[in-house]
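Straight from TrEMBL, the features:
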DOMAIN    97-304  domain 'ABC transmembrane type-1'
TRANSMEM  12-30  transmembrane segment
TRANSMEM  101-120  transmembrane segment
TRANSMEM  132-157  transmembrane segment
TRANSMEM  177-200  transmembrane segment
TRANSMEM  239-265  transmembrane segment
TRANSMEM  285-311  transmembrane segment
Amino acid sequence: MRKYVLRRILQSIPIILAITFIVFVLINAAPGDPLARLEDPSITKEDLMNKLEKMGMNDPLIVRYGRWLKNLVLKGHLGYSMDSARRPVTEMILERLPATLFLSVGSLLFSFIFAIPIGIISATKQYSKFDYGVTIIAFLGISMPSFYLALLMLYSFSLKIPIFPSGGFYSPDGNNGFFMLLYRSILPMFCLGFGGLASLTRYMRSSMLEVIREDYIRTARAKGLAEKVVVYKHAFRNALIPVITILGLSLPGLMSGSVLIERIFSWPGMGKMYVQAIFSRNYTLIMGYMFIYAVLVYLGNLIADISYALADPRIRYD
């Protein structure tokens, strides 16, 4: 397993470098000037051109990418933000990364914890009222856009019935304990994780239905084992394996989906910062976000592969 993890980490290096290069080319090919929004009547065009020259923006594309990559590899530095504050990109990302991870991991756990038992019950009670109800809600969750659900939840539970705050991660009164943060994140977590919950429930139901029709399950029932023992001890583990694979593939969707959710709920995370960076053409901040995004997605898929091996003893990566 150690050799496999090390090999996957080494394989990730050229992949992540390719992603960063493609992103670098695309954002530099987009129209617009990163310093255009900083224009001031007192600043001449020559001054702006000198500033671009000083920042190295007039250098060839490959030279600028090489400089960015050199700072990343040798110094672990993602550059400086191209706004007036000129703060280090690494510092800005580290400030907002905890809020994004709290939201993304929380919504993933929410989806996983509820999808598994609901999918199992739906499979064991196939064609029952519960199964039909779960199917309808699941298809609704799959088809409903997360931003529409977020607006609906805000209107229902923050405006009409003010149970939850309308946005923000940190409490204005300074009470930022774990349970207060969890309370303030219930709505965005639900909106971000509801689509994943619906999909995982359907996958779990289908996987469980397939497993409980296997011969070894019929044999276990013929031996007189209780239905709970048959389902949760013998069928559950094998039914879980495909779901783990889907779980790993859902991580990129969670990270990208958090961009809209953070915007709607005024969440101080990386997604909101990324949107602001795009509108302001803050190239270095966009590059920093995409690099961290690629690393987190790759790590998530690696964890999913390891979990797959732990769930299925037949899988060995040595």
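For all residues, glycine too, the Cβ spot is worked out from N, Cα and C.
Below 8 A, the CB atoms of the transmembrane segment (177-200) and the transmembrane segment (285-311) form no more than two pairs separated by six or more positions in the chain, fewer than 3 in all.
In this chain, the transmembrane segment (285-311) touches the transmembrane segment (12-30); three or more CB pairs sit within less than 8 A of each other, excluding pairs fewer than 6 residues apart.
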